[in-house]
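S.K.: First the structure, which I've put down as structure tokens, then a few questions once you've had a look.
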């Protein structure tokens, strides 16, 4: 398995609030019957997609145990480029992203910086110390957010390099409408509950697999981490929900694969090739 350093490196239509098309000037003056009711504005100003005020946090402090590597798995080569660089590039495609923060172990930070020198990103990048647990890494990253420019936080797994641009746009838009939104996908296949010597089928109709990005109003996620400090958590949305805040589900593409095992890299390369030829395959539906 190859890891990279600079020395060896080389719609479906979305469901949601519509955006007004550009219209030609009418030949006559409009009368009252021509007026359209003004669309109610969310308190979160969902319609302004030109704002560059979303800070992306990439927790990247994991080990390579399941990846059968002594190196951080996000350093693995995907189509000749480090995995995490692919991930960061996907998020930085959005004009709404103002900053990217990587939470990494101190021993890995020199490699991250070397990668940035060789594969620079179009947004400011800060590298902070990752903690023992993911919770600690995200908390450290939140503390480093530039509050002068960022009003929103998007937390994304560094090992998810294939999140479609359409999904990013959809979850950003949903978060601006409600204050918090996450990508998720309906569970497929049969789900069973083990009850000892027997098992029972689980109705999966309302069950979803949480994905990332998970996007929150900065004040909300900061308060959630302050309230739950020290409490073990694997999902940021659960912490916001515990505060009584609503979190919107946005259906994402199954291509948003998390690289966990070495064989996942081959799958990711195949998906990447398909994405270069096909239109995005996500629905963007909210639930």
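Glycine too: its Cβ is placed from the backbone N, Cα and C atoms.
What TrEMBL shows for this protein is this:
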type	residues	note
COMPBIAS	1-11	compositional bias 'Polar residues'
COMPBIAS	25-47	compositional bias 'Basic and acidic residues'
REGION	1-47	region 'Disordered'
SITE	66	site 'Transition state stabilizer'
SITE	73	site 'Transition state stabilizer'
SITE	204	site 'Positions MEP for the nucleophilic attack'
SITE	258	site 'Positions MEP for the nucleophilic attack'
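Could you tell me the structural context for the features on the list?
M.R.: Listed in sequence order, 186, 187, 190, 191 are the same-chain residues six or more apart from residue 204 (site 'Positions MEP for the nucleophilic attack') with CB atoms under 8 A from its CB.
A sphere of 10 angstroms centred on the C-beta of residue 258 (site 'Positions MEP for the nucleophilic attack') encloses 14 other C-beta atoms.
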S.K.: Just counting, how many other CB atoms are there within 10 A of the CB of residue 73 (site 'Transition state stabilizer')?
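M.R.: 26, counting other Cβ atoms within 10 Å of residue 73 (site 'Transition state stabilizer').
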S.K.: How long is the line from the C-alpha of residue 73 (site 'Transition state stabilizer') to the C-alpha of residue 258 (site 'Positions MEP for the nucleophilic attack'), rounded to the nearest angstrom?
M.R.: 11
S.K.: Going by DSSP, is residue 73 (site 'Transition state stabilizer') part of a helix, a strand, or coil?
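M.R.: For residue 73 (site 'Transition state stabilizer') - judged by DSSP and reduced to three states - the answer is helix.
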